[in-house]
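These notes concern the structure reproduced below.
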Amino acid sequence: MSTGTQEDGRTRDTGRGEDDGRAAGAERAARRDAAVRAAVAQGLLGPGSPLVALLDVTGVRESAAGLRDAFAAVTPAGTPVLHAFAVKATPLVPVLRLLHAEGIGAEVASPGELALARAAGVPPERTVLDSPAKTPAELREALALGIAVNADNPQELARIDALAAGSPPGSGGLRSPVGIRVNPQVGGGTIEALSTATATSKFGVALRDEGAREWVVRAYLDRPWLTRLHTHTGSQGIALPLMARGVAETYALAEEINRRAGRQQVDTVDIGGGLPVDFTSDAVEPTYARYARLLKETVPGLLDGRYGLVTEFGRSLLAKHGTVVTRVEYAKSAGGRAVAVTHAGVQVATRTVYAPAAWPLRIAAYDAAGRPKTGPAVTQDVAGPACFAGDLLARGIPLPLLEQDDHVAVLDTGAYAFAHHYGYNSLPRPAVHGFTADRADGTGEGVSFALVRPAQTTGELVAESGGAHADALLP
(Lines of atoms letter the chains of each structure in order from A and count residues from 1; the text may use other names and numbers.)
(Lines give C-alpha, C1' and ligand atoms only; values in the text may rest on other atoms or scores of the structure.)
Protein backbone atom coordinates (compact mmCIF):
# COMPACT_ATOMS: atom_id res chain seq x y z
CA MET A 1 0.00 0.00 0.00
CA SER A 2 1.33 3.43 -0.90
CA THR A 3 2.16 6.03 1.69
CA GLY A 4 1.25 9.68 1.41
CA THR A 5 2.19 13.13 2.53
CA GLN A 6 -0.06 16.12 3.05
CA GLU A 7 0.59 19.38 1.22
CA ASP A 8 -1.69 22.43 1.26
CA GLY A 9 -4.80 20.44 2.12
CA ARG A 10 -4.07 17.74 -0.45
CA THR A 11 -2.89 14.23 0.24
CA ARG A 12 -0.34 13.09 -2.30
CA ASP A 13 -0.02 9.50 -3.38
CA THR A 14 3.65 8.63 -3.36
CA GLY A 15 3.48 5.06 -4.60
CA ARG A 16 1.87 3.38 -7.55
CA GLY A 17 -1.23 5.57 -7.25
CA GLU A 18 0.82 8.61 -8.16
CA ASP A 19 2.35 6.82 -11.16
CA ASP A 20 -1.11 5.80 -12.36
CA GLY A 21 -2.34 9.35 -11.85
CA ARG A 22 0.53 10.75 -13.89
CA ALA A 23 -0.04 8.30 -16.72
CA ALA A 24 -3.74 9.15 -16.83
CA GLY A 25 -2.83 12.83 -16.74
CA ALA A 26 -0.50 12.45 -19.72
CA GLU A 27 -3.22 10.68 -21.70
CA ARG A 28 -5.70 13.39 -20.81
CA ALA A 29 -3.25 16.11 -21.89
CA ALA A 30 -2.75 14.36 -25.23
CA ARG A 31 -6.52 14.20 -25.79
CA ARG A 32 -6.78 17.88 -24.91
CA ASP A 33 -4.07 18.84 -27.40
CA ALA A 34 -5.85 16.88 -30.11
CA ALA A 35 -9.18 18.51 -29.26
CA VAL A 36 -7.79 22.05 -29.38
CA ARG A 37 -6.27 21.45 -32.79
CA ALA A 38 -9.46 19.83 -34.04
CA ALA A 39 -11.61 22.67 -32.69
CA VAL A 40 -9.59 25.13 -34.76
CA ALA A 41 -9.55 22.90 -37.84
CA GLN A 42 -13.29 22.23 -37.68
CA GLY A 43 -14.19 25.87 -37.16
CA LEU A 44 -15.53 25.62 -33.63
CA LEU A 45 -12.92 28.17 -32.68
CA GLY A 46 -12.10 31.09 -34.93
CA PRO A 47 -12.53 34.83 -35.51
CA GLY A 48 -16.31 34.56 -35.33
CA SER A 49 -16.30 32.26 -32.29
CA PRO A 50 -13.22 33.23 -30.26
CA LEU A 51 -14.20 31.39 -27.09
CA VAL A 52 -15.30 27.80 -26.58
CA ALA A 53 -15.42 25.25 -23.76
CA LEU A 54 -14.41 21.63 -24.33
CA LEU A 55 -15.36 18.63 -22.21
CA ASP A 56 -13.42 15.35 -22.38
CA VAL A 57 -16.08 12.62 -22.42
CA THR A 58 -13.52 9.84 -22.01
CA GLY A 59 -12.08 11.55 -18.96
CA VAL A 60 -15.50 11.95 -17.34
CA ARG A 61 -16.22 8.26 -17.88
CA GLU A 62 -12.86 7.34 -16.35
CA SER A 63 -13.54 9.49 -13.28
CA ALA A 64 -16.93 7.89 -12.77
CA ALA A 65 -15.42 4.41 -13.06
CA GLY A 66 -12.67 5.35 -10.63
CA LEU A 67 -15.23 6.47 -8.07
CA ARG A 68 -17.35 3.35 -8.42
CA ASP A 69 -14.35 1.04 -8.25
CA ALA A 70 -12.83 2.81 -5.24
CA PHE A 71 -15.81 2.20 -2.97
CA ALA A 72 -16.58 -1.24 -4.39
CA ALA A 73 -13.07 -2.23 -3.30
CA VAL A 74 -13.70 -1.36 0.37
CA THR A 75 -17.29 -2.58 0.83
CA PRO A 76 -18.76 -6.10 0.76
CA ALA A 77 -20.59 -7.17 -2.37
CA GLY A 78 -24.20 -6.09 -2.23
CA THR A 79 -23.62 -3.00 -0.09
CA PRO A 80 -26.02 -0.27 -1.30
CA VAL A 81 -23.88 2.61 -2.56
CA LEU A 82 -25.26 5.66 -4.35
CA HIS A 83 -22.77 8.09 -5.86
CA ALA A 84 -24.74 11.30 -6.41
CA PHE A 85 -23.02 14.00 -8.47
CA ALA A 86 -23.21 17.48 -6.95
CA VAL A 87 -25.15 19.15 -9.76
CA LYS A 88 -23.96 22.60 -8.67
CA ALA A 89 -20.47 21.74 -9.96
CA THR A 90 -21.50 21.43 -13.63
CA PRO A 91 -25.22 22.05 -14.10
CA LEU A 92 -25.53 20.90 -17.70
CA VAL A 93 -28.18 18.35 -18.68
CA PRO A 94 -26.00 16.33 -21.11
CA VAL A 95 -23.33 16.03 -18.41
CA LEU A 96 -25.89 14.73 -15.94
CA ARG A 97 -27.19 12.29 -18.55
CA LEU A 98 -23.66 11.03 -19.22
CA LEU A 99 -23.02 10.53 -15.52
CA HIS A 100 -26.36 8.78 -15.10
CA ALA A 101 -25.33 6.39 -17.88
CA GLU A 102 -22.15 5.77 -15.88
CA GLY A 103 -24.09 4.83 -12.75
CA ILE A 104 -23.91 8.21 -11.02
CA GLY A 105 -27.01 9.86 -9.54
CA ALA A 106 -27.63 13.50 -8.64
CA GLU A 107 -27.35 15.62 -5.52
CA VAL A 108 -29.50 18.72 -5.94
CA ALA A 109 -29.93 21.83 -3.82
CA SER A 110 -32.54 23.94 -5.61
CA PRO A 111 -35.67 23.58 -7.77
CA GLY A 112 -33.53 24.40 -10.80
CA GLU A 113 -31.01 21.66 -10.08
CA LEU A 114 -33.81 19.16 -9.52
CA ALA A 115 -35.36 20.15 -12.85
CA LEU A 116 -32.00 19.62 -14.58
CA ALA A 117 -31.58 16.19 -12.99
CA ARG A 118 -35.08 15.17 -14.03
CA ALA A 119 -34.50 16.46 -17.57
CA ALA A 120 -31.39 14.28 -17.68
CA GLY A 121 -33.44 11.22 -16.76
CA VAL A 122 -32.02 10.72 -13.27
CA PRO A 123 -34.72 8.77 -11.39
CA PRO A 124 -35.99 9.99 -7.99
CA GLU A 125 -34.49 7.03 -6.16
CA ARG A 126 -31.04 8.12 -7.36
CA THR A 127 -31.54 11.75 -6.38
CA VAL A 128 -30.74 13.46 -3.07
CA LEU A 129 -32.07 16.88 -2.02
CA ASP A 130 -29.87 19.01 0.21
CA SER A 131 -29.91 22.82 0.75
CA PRO A 132 -30.12 24.84 3.96
CA ALA A 133 -33.12 26.83 2.69
CA LYS A 134 -35.70 24.37 1.36
CA THR A 135 -39.17 25.86 0.97
CA PRO A 136 -42.37 23.98 1.83
CA ALA A 137 -43.04 23.60 -1.90
CA GLU A 138 -39.59 22.09 -2.52
CA LEU A 139 -40.04 19.62 0.33
CA ARG A 140 -43.52 18.70 -0.82
CA GLU A 141 -42.33 18.00 -4.37
CA ALA A 142 -39.33 15.96 -3.27
CA LEU A 143 -41.34 13.86 -0.83
CA ALA A 144 -44.07 13.27 -3.40
CA LEU A 145 -41.50 12.06 -5.92
CA GLY A 146 -39.71 9.79 -3.44
CA ILE A 147 -36.45 11.76 -3.51
CA ALA A 148 -34.16 11.38 -0.50
CA VAL A 149 -34.18 14.48 1.70
CA ASN A 150 -31.57 15.59 4.23
CA ALA A 151 -33.19 17.99 6.70
CA ASP A 152 -30.86 20.82 7.60
CA ASN A 153 -32.32 21.99 10.92
CA PRO A 154 -35.12 21.51 13.47
CA GLN A 155 -37.48 23.94 11.74
CA GLU A 156 -37.15 22.08 8.46
CA LEU A 157 -37.76 18.79 10.22
CA ALA A 158 -40.96 20.27 11.68
CA ARG A 159 -42.10 21.05 8.14
CA ILE A 160 -41.43 17.47 7.12
CA ASP A 161 -43.39 16.31 10.18
CA ALA A 162 -46.37 18.31 8.96
CA LEU A 163 -46.10 16.90 5.45
CA ALA A 164 -45.83 13.37 6.84
CA ALA A 165 -48.90 13.92 9.00
CA GLY A 166 -50.80 15.08 5.94
CA SER A 167 -50.05 11.97 3.90
CA PRO A 168 -53.23 10.35 2.54
CA PRO A 169 -54.59 7.49 4.66
CA GLY A 170 -53.30 4.16 3.48
CA SER A 171 -50.40 5.73 1.61
CA GLY A 172 -47.86 4.29 4.02
CA GLY A 173 -46.59 7.75 4.95
CA LEU A 174 -43.42 9.16 3.48
CA ARG A 175 -42.09 7.57 0.28
CA SER A 176 -38.72 9.26 0.61
CA PRO A 177 -35.72 8.26 2.68
CA VAL A 178 -35.23 11.13 5.13
CA GLY A 179 -32.26 12.04 7.30
CA ILE A 180 -30.75 14.94 9.19
CA ARG A 181 -27.61 16.79 8.18
CA VAL A 182 -25.22 17.21 11.07
CA ASN A 183 -22.18 19.41 11.43
CA PRO A 184 -19.51 17.52 13.40
CA GLN A 185 -17.64 20.82 13.92
CA VAL A 186 -14.26 19.24 13.24
CA GLY A 187 -12.77 22.41 11.77
CA GLY A 188 -11.98 23.98 8.43
CA GLY A 189 -9.50 23.68 5.62
CA THR A 190 -7.40 26.16 3.70
CA ILE A 191 -10.37 27.89 2.05
CA GLU A 192 -12.71 29.23 4.72
CA ALA A 193 -15.62 29.87 2.35
CA LEU A 194 -15.75 26.17 1.41
CA SER A 195 -15.30 24.73 4.91
CA THR A 196 -18.68 23.45 6.07
CA ALA A 197 -17.75 21.76 9.36
CA THR A 198 -16.51 24.77 11.30
CA ALA A 199 -17.95 25.77 14.67
CA THR A 200 -20.20 28.41 13.12
CA SER A 201 -21.02 26.87 9.73
CA LYS A 202 -24.50 27.63 8.40
CA PHE A 203 -25.02 23.98 7.45
CA GLY A 204 -26.66 21.25 9.50
CA VAL A 205 -27.17 20.75 13.22
CA ALA A 206 -24.02 21.77 15.10
CA LEU A 207 -23.34 18.64 17.13
CA ARG A 208 -21.08 20.20 19.77
CA ASP A 209 -23.48 22.99 20.66
CA GLU A 210 -25.14 22.48 24.03
CA GLY A 211 -27.99 20.00 23.81
CA ALA A 212 -27.69 19.53 20.05
CA ARG A 213 -26.48 15.94 20.01
CA GLU A 214 -29.23 14.81 22.36
CA TRP A 215 -31.80 16.66 20.24
CA VAL A 216 -30.64 14.75 17.17
CA VAL A 217 -30.84 11.39 18.94
CA ARG A 218 -34.31 12.17 20.29
CA ALA A 219 -35.44 13.30 16.83
CA TYR A 220 -34.63 9.83 15.50
CA LEU A 221 -36.12 7.96 18.43
CA ASP A 222 -39.36 9.92 18.01
CA ARG A 223 -39.48 9.36 14.24
CA PRO A 224 -38.96 5.76 13.10
CA TRP A 225 -38.99 6.99 9.48
CA LEU A 226 -35.71 8.89 9.94
CA THR A 227 -33.25 6.38 8.50
CA ARG A 228 -30.34 8.41 7.14
CA LEU A 229 -27.61 10.63 8.53
CA HIS A 230 -25.73 13.19 6.45
CA THR A 231 -22.51 15.17 6.79
CA HIS A 232 -20.16 17.11 4.53
CA THR A 233 -16.90 18.53 5.85
CA GLY A 234 -16.11 20.87 2.97
CA SER A 235 -14.96 21.25 -0.61
CA GLN A 236 -11.43 21.97 -1.85
CA GLY A 237 -8.67 22.72 0.61
CA ILE A 238 -9.86 20.03 3.04
CA ALA A 239 -7.22 17.47 3.99
CA LEU A 240 -8.29 13.85 3.68
CA PRO A 241 -7.76 13.08 7.39
CA LEU A 242 -10.13 15.93 8.28
CA MET A 243 -12.71 14.61 5.84
CA ALA A 244 -12.39 11.16 7.37
CA ARG A 245 -12.69 12.60 10.87
CA GLY A 246 -15.99 14.26 9.98
CA VAL A 247 -17.29 10.95 8.63
CA ALA A 248 -16.09 9.12 11.75
CA GLU A 249 -17.94 11.53 14.05
CA THR A 250 -21.11 11.02 12.03
CA TYR A 251 -20.73 7.25 12.04
CA ALA A 252 -20.35 7.32 15.83
CA LEU A 253 -23.61 9.24 16.06
CA ALA A 254 -25.36 6.69 13.84
CA GLU A 255 -24.13 3.90 16.11
CA GLU A 256 -25.40 5.77 19.18
CA ILE A 257 -28.83 6.29 17.63
CA ASN A 258 -29.11 2.64 16.67
CA ARG A 259 -27.96 1.47 20.09
CA ARG A 260 -30.51 3.62 21.87
CA ALA A 261 -33.24 2.65 19.42
CA GLY A 262 -32.49 -1.03 20.02
CA ARG A 263 -32.41 -1.66 16.27
CA GLN A 264 -30.65 -0.41 13.16
CA GLN A 265 -32.83 2.60 12.50
CA VAL A 266 -30.11 4.53 10.67
CA ASP A 267 -29.33 2.30 7.73
CA THR A 268 -27.58 4.76 5.39
CA VAL A 269 -24.87 7.36 5.95
CA ASP A 270 -24.41 10.14 3.41
CA ILE A 271 -20.74 11.16 3.67
CA GLY A 272 -20.97 14.12 1.30
CA GLY A 273 -18.19 14.88 -1.14
CA GLY A 274 -15.32 17.33 -1.10
CA LEU A 275 -12.38 15.36 -2.50
CA PRO A 276 -9.90 18.14 -3.35
CA VAL A 277 -8.51 18.67 -6.84
CA ASP A 278 -4.84 19.37 -7.60
CA PHE A 279 -4.89 22.35 -9.96
CA THR A 280 -1.09 22.43 -10.27
CA SER A 281 -0.62 19.50 -12.67
CA ASP A 282 -2.40 17.04 -14.95
CA ALA A 283 -2.09 14.30 -12.33
CA VAL A 284 -5.20 13.31 -10.37
CA GLU A 285 -4.36 13.41 -6.70
CA PRO A 286 -5.65 12.54 -4.23
CA THR A 287 -7.60 9.69 -5.78
CA TYR A 288 -10.95 8.24 -4.82
CA ALA A 289 -9.15 4.98 -4.09
CA ARG A 290 -6.89 6.62 -1.54
CA TYR A 291 -9.81 8.31 0.20
CA ALA A 292 -11.81 5.08 0.27
CA ARG A 293 -8.85 3.22 1.78
CA LEU A 294 -8.45 5.93 4.41
CA LEU A 295 -12.11 5.59 5.34
CA LYS A 296 -11.68 1.82 5.59
CA GLU A 297 -8.80 2.35 8.00
CA THR A 298 -10.48 5.14 9.97
CA VAL A 299 -14.12 4.01 10.08
CA PRO A 300 -14.13 0.26 9.34
CA GLY A 301 -17.59 -0.24 10.84
CA LEU A 302 -19.13 2.10 8.31
CA LEU A 303 -17.88 -0.05 5.46
CA ASP A 304 -18.58 -3.53 6.82
CA GLY A 305 -21.89 -3.88 4.98
CA ARG A 306 -24.25 -2.83 7.76
CA TYR A 307 -24.76 0.65 6.30
CA GLY A 308 -25.64 1.87 2.86
CA LEU A 309 -23.53 4.76 1.60
CA VAL A 310 -24.22 7.94 -0.33
CA THR A 311 -21.48 10.18 -1.70
CA GLU A 312 -21.84 13.66 -3.20
CA PHE A 313 -18.68 14.39 -5.19
CA GLY A 314 -18.73 17.17 -7.76
CA ARG A 315 -15.54 19.08 -8.56
CA SER A 316 -13.36 15.97 -8.43
CA LEU A 317 -15.49 14.21 -11.05
CA LEU A 318 -15.46 17.00 -13.64
CA ALA A 319 -12.79 19.65 -13.08
CA LYS A 320 -9.90 17.91 -14.83
CA HIS A 321 -11.96 17.18 -17.91
CA GLY A 322 -12.93 20.71 -18.93
CA THR A 323 -10.90 23.25 -20.90
CA VAL A 324 -11.73 26.79 -21.93
CA VAL A 325 -10.01 27.74 -25.20
CA THR A 326 -9.82 31.30 -26.50
CA ARG A 327 -8.12 33.24 -29.28
CA VAL A 328 -5.57 35.91 -28.50
CA GLU A 329 -7.26 38.97 -29.96
CA TYR A 330 -4.35 41.31 -29.32
CA ALA A 331 -0.80 41.00 -28.01
CA LYS A 332 0.61 44.13 -26.41
CA SER A 333 3.12 45.37 -23.86
CA ALA A 334 2.66 47.44 -20.72
CA GLY A 335 5.45 48.49 -18.38
CA GLY A 336 7.81 46.15 -20.12
CA ARG A 337 5.54 43.12 -19.67
CA ALA A 338 3.83 41.26 -22.48
CA VAL A 339 0.05 41.09 -22.22
CA ALA A 340 -2.13 38.70 -24.23
CA VAL A 341 -5.70 40.01 -24.45
CA THR A 342 -8.17 37.14 -24.87
CA HIS A 343 -11.92 36.52 -24.72
CA ALA A 344 -11.78 34.39 -21.55
CA GLY A 345 -11.87 36.11 -18.21
CA VAL A 346 -14.14 36.73 -15.29
CA GLN A 347 -17.22 35.45 -17.13
CA VAL A 348 -15.84 31.88 -17.30
CA ALA A 349 -13.28 31.82 -14.46
CA THR A 350 -14.90 34.04 -11.85
CA ARG A 351 -13.18 32.62 -8.78
CA THR A 352 -9.76 32.78 -10.38
CA VAL A 353 -10.15 36.43 -11.38
CA TYR A 354 -11.50 37.61 -8.04
CA ALA A 355 -9.43 35.32 -5.78
CA PRO A 356 -6.34 34.32 -7.78
CA ALA A 357 -4.33 33.18 -4.76
CA ALA A 358 -6.99 30.67 -3.72
CA TRP A 359 -8.04 29.60 -7.23
CA PRO A 360 -5.07 29.68 -9.64
CA LEU A 361 -5.57 27.93 -12.96
CA ARG A 362 -2.96 26.55 -15.33
CA ILE A 363 -2.62 28.14 -18.75
CA ALA A 364 -1.40 26.39 -21.91
CA ALA A 365 -0.27 28.15 -25.09
CA TYR A 366 -1.23 27.05 -28.61
CA ASP A 367 -0.41 28.60 -31.95
CA ALA A 368 -2.85 29.90 -34.55
CA ALA A 369 -3.44 26.37 -35.87
CA GLY A 370 -4.14 24.99 -32.40
CA ARG A 371 -0.80 23.23 -31.98
CA PRO A 372 1.06 23.41 -28.65
CA LYS A 373 3.28 26.47 -28.85
CA THR A 374 7.01 26.14 -28.32
CA GLY A 375 9.78 28.64 -27.80
CA PRO A 376 11.55 30.43 -24.96
CA ALA A 377 9.41 31.18 -21.92
CA VAL A 378 8.51 34.84 -21.58
CA THR A 379 6.94 36.35 -18.47
CA GLN A 380 3.52 37.67 -19.46
CA ASP A 381 -0.03 38.33 -18.35
CA VAL A 382 -3.09 36.65 -19.83
CA ALA A 383 -6.01 39.06 -19.74
CA GLY A 384 -9.72 38.73 -20.26
CA PRO A 385 -12.17 41.02 -22.08
CA ALA A 386 -14.00 42.57 -19.12
CA CYS A 387 -13.69 46.27 -18.40
CA PHE A 388 -11.81 46.23 -15.13
CA ALA A 389 -8.09 45.99 -14.50
CA GLY A 390 -8.24 42.80 -12.48
CA ASP A 391 -9.75 40.70 -15.26
CA LEU A 392 -6.64 38.55 -15.55
CA LEU A 393 -6.47 34.78 -15.87
CA ALA A 394 -2.79 34.76 -14.96
CA ARG A 395 -0.23 37.31 -13.86
CA GLY A 396 3.44 37.13 -14.73
CA ILE A 397 3.51 33.52 -15.89
CA PRO A 398 6.22 32.03 -18.11
CA LEU A 399 4.88 30.89 -21.49
CA PRO A 400 6.09 30.91 -25.07
CA LEU A 401 5.38 34.45 -26.22
CA LEU A 402 1.71 34.70 -27.16
CA GLU A 403 0.97 36.53 -30.40
CA GLN A 404 -2.16 37.76 -32.12
CA ASP A 405 -4.35 34.86 -33.36
CA ASP A 406 -2.64 32.34 -31.06
CA HIS A 407 -4.80 30.39 -28.63
CA VAL A 408 -4.85 30.07 -24.87
CA ALA A 409 -6.27 27.09 -23.00
CA VAL A 410 -7.48 27.49 -19.43
CA LEU A 411 -7.13 24.06 -17.88
CA ASP A 412 -9.11 22.15 -15.24
CA THR A 413 -12.27 24.20 -15.80
CA GLY A 414 -14.79 21.37 -16.01
CA ALA A 415 -16.43 22.37 -12.71
CA TYR A 416 -17.45 25.74 -11.28
CA ALA A 417 -16.15 27.60 -14.34
CA PHE A 418 -17.68 27.77 -17.83
CA ALA A 419 -20.88 26.14 -16.60
CA HIS A 420 -21.27 29.02 -14.10
CA HIS A 421 -21.38 31.96 -16.46
CA TYR A 422 -21.01 35.40 -14.90
CA GLY A 423 -22.56 38.02 -17.16
CA TYR A 424 -20.11 40.88 -16.64
CA ASN A 425 -20.22 43.39 -19.52
CA SER A 426 -23.12 41.32 -20.89
CA LEU A 427 -20.59 38.89 -22.30
CA PRO A 428 -22.47 35.92 -23.80
CA ARG A 429 -22.17 32.35 -22.60
CA PRO A 430 -19.73 30.34 -24.73
CA ALA A 431 -20.64 27.14 -26.50
CA VAL A 432 -19.74 23.93 -24.70
CA HIS A 433 -18.74 20.89 -26.77
CA GLY A 434 -18.04 17.39 -25.54
CA PHE A 435 -15.34 15.53 -27.42
CA THR A 436 -13.95 12.07 -27.93
CA ALA A 437 -10.59 11.33 -29.50
CA ASP A 438 -10.09 8.02 -31.29
CA ARG A 439 -6.40 8.74 -31.24
CA ALA A 440 -4.61 11.50 -29.40
CA ASP A 441 -1.56 12.02 -31.60
CA GLY A 442 -1.73 15.80 -31.69
CA THR A 443 -2.94 16.00 -35.29
CA GLY A 444 -6.54 16.68 -34.37
CA GLU A 445 -7.69 13.83 -36.58
CA GLY A 446 -10.04 11.28 -35.06
CA VAL A 447 -11.64 13.89 -32.77
CA SER A 448 -15.42 14.22 -32.83
CA PHE A 449 -17.49 16.86 -31.06
CA ALA A 450 -21.03 16.95 -29.67
CA LEU A 451 -22.78 20.18 -28.73
CA VAL A 452 -23.56 20.27 -25.01
CA ARG A 453 -24.76 23.87 -24.79
CA PRO A 454 -24.97 26.33 -27.70
CA ALA A 455 -23.36 29.73 -27.49
CA GLN A 456 -25.72 32.41 -26.22
CA THR A 457 -26.84 34.78 -28.97
CA THR A 458 -27.12 38.52 -28.49
CA GLY A 459 -30.85 38.15 -29.10
CA GLU A 460 -31.12 35.69 -26.22
CA LEU A 461 -29.05 37.98 -24.04
CA VAL A 462 -31.37 40.92 -24.75
CA ALA A 463 -34.43 38.77 -24.04
CA GLU A 464 -33.01 37.61 -20.71
CA SER A 465 -32.24 41.23 -19.84
CA GLY A 466 -35.84 42.39 -20.13
CA GLY A 467 -35.91 43.20 -23.82
CA ALA A 468 -39.62 42.44 -24.07
CA HIS A 469 -40.31 44.91 -21.26
CA ALA A 470 -38.27 47.86 -22.53
CA ASP A 471 -41.00 50.40 -21.65
CA ALA A 472 -41.81 48.95 -18.23
CA LEU A 473 -40.26 51.80 -16.23
CA LEU A 474 -41.55 54.67 -18.34
CA PRO A 475 -44.62 56.70 -17.28
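Cβ atoms here come from the backbone N, Cα and C positions, even for glycine.
Heads up, TrEMBL stuff is auto-annotated, nobody curated it.
Feature annotations, courtesy of TrEMBL:
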- Cys387: active site, proton donor (ACT_SITE)
- 7-22: compositional bias 'Basic and acidic residues' (COMPBIAS)
- 79-318: domain 'Orn/DAP/Arg decarboxylase 2 N-terminal' (DOMAIN)
- 320-414: domain 'Orn/DAP/Arg decarboxylase 2 C-terminal' (DOMAIN)
- Lys88: N6-(pyridoxal phosphate)lysine (MOD_RES)
- 1-29: region 'Disordered' (REGION)
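Within 10 Å of the Cβ of Cys387 (active site, proton donor) there are 8 other Cβ atoms, across all protein chains. A distance of 28 Å separates the Cα atom of the residue listed as 'active site, proton donor' from that of Lys88 (N6-(pyridoxal phosphate)lysine). Looking only at the domain 'Orn/DAP/Arg decarboxylase 2 C-terminal' (320-414), the predicted model's pLDDT averages out at 97. All protein chains shown were included, and the count of other CB atoms within 10 Å of the CB of the residue listed as 'N6-(pyridoxal phosphate)lysine' stands at 21.
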